[in-house]
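Peer 1: Annotation source TrEMBL lists region 'Disordered' at 1-66. Here TrEMBL flags 32-46, 54-63 as compositional bias 'Low complexity'. Per TrEMBL, the feature domain 'Fibronectin type-III' maps to 70-165, 266-361. Look at TrEMBL and you will find 169-257, 379-463 tagged as domain 'Ig-like'.
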């Protein structure tokens, strides 16, 4: 069974009944509803009952076993600016002859006659009337129809009023404005708040519940947003700004907290409480002006009287007393304290009036007796000479290393004969390394070479054999 039908209002207007104001939509049946048209044509039209005062008060015809009872739960499902949709439930009693469909009737406000919307019964339990004009106001009723006639109708309690659809106003607050919006003194404030609503709603602003100062605050409201602008923010501009959007009895509100801040003032006073050892104790009082926001802490600095340069000791320190340690003995120090908030450090600082003198303690030095160590040592070779084979005509070197204190005298010998002064040999000694260079040796230079080290504590010697191979003769 078809459950829904649509009726449209022609542009030229429907057929006129006894009253010109009874302009009705026409019904186009579909599905099983069309099968009932031939049976309906043989029946008399549905009687129209006048209802000049309240159509819902029309008395139904006496109940008959052949007629169905009134449909149940007649209700308006949807109303727009050009259409209305109504629905109902089948009646409890269909009658002995069976149900042929339903007839929906309309009676405009102020009229006295009910006019059928669909000329023939339709087997639907929901109908949409389209092409309605703005401002139309009418009653609706529906009756179940059998071959014996129409049963009693079900009538809407309230008239249907066709008016322009209204979209309730809504405000979309940007994410960054859902928490306190912070600006510095002198900066611009530019808030753009989108909203929705149809037709265009009316927007208004308040500051802490009062009207805005038009000399300082500019407002521009468009179709979809409202902009609040302050060219140069001052601390007095801080507070709660509330946007209200109204539309025909409906309204939406959004609150935005703005905080305008600046740098804090310096601590009001600072005192040097005590100096002991390499430490100094300080105390100060909080600033009178915090810059319209909470302090992040204090910055403590020290300066040596000799250099006058300031060095930071503590940063974002919250207590109002502190101890400065690791001061240098014999120096004098000045101290200063800055306040700090989100804008930065205060423009000036509280400085101690008196210097902190770190006194030298009366300490008598007691030097211990120093015993000088004797590093004297007789010569000893830490690296001996190594046997060596050389080629005639190519210079060669012999190496060894010796340790001794005082510095020993180095003597080179060949086959137990002192070779000092011989131009064929060149002896070097540096950092305990002894070197003997033999310039272009010949087979005659082969033999046993000795290095002897001598000082006042003794002597030592090492030997090696040098072999110079003779060239092969052809």
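Backbone N, Cα and C atoms are what each Cβ position is placed from, and that goes for glycine too.
Just so you know, TrEMBL annotations never went through curation; they're auto-generated.
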Peer 1: Would you list the DSSP helix, strand and coil counts for the residues of the domain 'Fibronectin type-III' (70-165)?
Peer 2: 0 helix, 48 strand, 48 coil
Peer 1: What mean pLDDT does the predicted model reach across the domain 'Ig-like' (379-463)?
Peer 2: 92
Peer 1: Is it possible to list how many residues within the domain 'Fibronectin type-III' (266-361) are helical, extended or coil according to DSSP?
Peer 2: 0 helix, 51 strand, 45 coil
